[in-house]
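K.L.:
Here's the feature list from TrEMBL:
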- E80: active site, proton acceptor (ACT_SITE)
- K179: active site, proton donor (ACT_SITE)
- C212: active site, nucleophile (ACT_SITE)
- 31-307: domain 'CN hydrolase' (DOMAIN)
- 493-512: region 'Disordered' (REGION)
- 1-22: signal peptide (SIGNAL)
Amino acid sequence: MITSHFPKCVVIFTFFVLSVGALDTFTAAVYEHAVILPNRTETPVSKEEALLLMNKNIDVLEKVVKLAAKQGAHIIVTPEDGIYGWIFTRESIYPYLEDIPDPKVNWIPCRDPKRFGYSPVQERLSCLARDNSIYVVANIGDKKPCNASDPQCPPDGRYQYNTDVVFDSGGKLVARYHKYNLFAPEIQFDFPKDSELVTFDTPFGKFGIFTCFDIFSRDPAVVVVDEFQVDSILYPTAWYNTLPLLSAVPFHSAWARAMRVNLLAANTHNTSMHMTGSGIYAPEGVKVYHYDMETESGQLMLAELKSRPHREPDYPAAVDWSAYARSIKPFSSEQSDFPGMIYFDQFTFTELKRDTGNHTVCQEDLCCHLTYKMSEKRIDEAYALGAFDGLHTVEGQYYLQVCTLLKCQTTDLRTCGEPVGSSFTKFEEFSLSGTFGTSYVFPQIVLSGTQLAPEKHYEVSRDGRLRSRSGVPLPVLVMALYGRVFEKDPPRLEMRPLGGDSDDVDHEGGTSMKEGFIEDGERAEYTHMCSLSHPLIPCITLGFREKDDHHQMQAIGLGPIL
């Protein structure tokens, strides 16, 4: 267990005048919640049974909210799916949903709970916020009726949305956000037609909000920061850690650093699904984080943040991520490049054979440069420098440019890119850079034991180098410059559910759920397969797309839940 401290459619809600009672700093809280899950079933339960389960989770959250408020927290973020879990079909999630109104209605559910129908969850969250004088951020499900006049209306006559809500310290609903980029297994929810860029003002800065898989896309994650100049992001997530490059804490802290905003990230806690990793991150570095694959308990974290970091004299300067790499010639050395896979993307690798050296590895338009010095090169460990420049096509399509130095799982180079948890080789010096074609690059360094490298031991220079600065030897597992080239992403496909088949239990003790979608004149079908007999094996998603004209099926994804 690791808990560490370090020294389109635009929706804008404004409720405070910043010149009155403005705070220079505030105390943020996030809670990593071990969600009490419902029984796995395709048969919908009653509203009463659904509320019973949700109240069990809210009972836990209530204790945490009270504790955070007593410790001076101004705002607390709880995880995605934190009130009811994620094991649902479209039909079985329905009893857990409430009608969540537009915050423009000026509603305090704690004071007027029946105004918008049956809403016991919103009432209780509102009362938690009001009674403890704290902003409460939670993730629940919204339902909206529709009819045949809407060509996108699902056959059951309703939209169902994965939804974040924010209640202010008086219990008023001040923000509602419908998750725009659903992850493939979220068959219980609909894709919103338009992205909602949700912001709201407080005495301690301007906030934006989005959810989990949204962080990979330009819209809304980048847009709400770049175009609406928010100070802090609220980020409920249910994140499945995927080493070496997509572990929650390294990626989220890297995103906050690159985007130069505060990020309050609350993850669910479920070790069987490799779900852990929450934190409070600032532009200048990590304030606190928690990573725990050893216990099944939740964790509350608090940290002080600057309310408006862009106004501070120590606000980080913008980085030109390709400046240094394009100013030098590729390093020439006797090396043999070889292919390797990281999360279904084929990288080009070269092995680090000596304890010191300079290497360049290229793929397409990206060249990655590395200068390094090891304390001692162990013969039982292998390291490689890798480059990837291409379209990721599993569980979403997004264009990546990645430079990474990583430890291979074994000395067999075919294991380079596979997950590994410990390292003994230490790097005294390193400098990693790349010829990136994007300004959105997320730098991360993960040490043995899946710990973050403290910022005092490395820096990101203005010319785009991720480099050592303390001389302290570090047991590096992976360091990476993870670039997103948004302009090369394929167009977002408009998707709507067609309705899933019932669960089919196979002879291996697993389940298979099928769900269809209409995607711009194409029919796509996703099969979600989960092992019941092997809980450590995550669900996987296998997709097929069928062209209406030729009736051809094309595989479009395979991978673990994130």
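Counting starts with 1 at the first residue shown.
Using N, Cα and C of the backbone, Cβ positions are placed for all residues, glycine too.
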K.L.:
Which three-state DSSP class does E80 (active site, proton acceptor) fall into?
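P.N.:
Reduced to three states, the DSSP call for E80 (active site, proton acceptor) is coil.
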K.L.:
Average the pLDDT scores across the domain 'CN hydrolase' (31-307) and report the rounded value.
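P.N.:
98, rounded to a whole number.
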K.L.:
In DSSP terms, helix, strand or coil for the residue listed as 'active site, nucleophile'?
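P.N.:
The three-state answer is helix.
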K.L.:
How big is the Cα-to-Cα gap, in Å, between E80 (active site, proton acceptor) and C212 (active site, nucleophile)?
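P.N.:
Distance (Cα to Cα, whole Å): 8 Å.
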K.L.:
How many Å separate the Cα atoms of C212 (active site, nucleophile) and K179 (active site, proton donor)?
P.N.:
9
K.L.:
Suppose we draw a 10 Å sphere around the Cβ of the residue listed as 'active site, proton donor'. How many other Cβ atoms does it contain, all chains included?
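P.N.:
Within a 10 Å radius of the Cβ of the residue listed as 'active site, proton donor' lie 25 other Cβ atoms.
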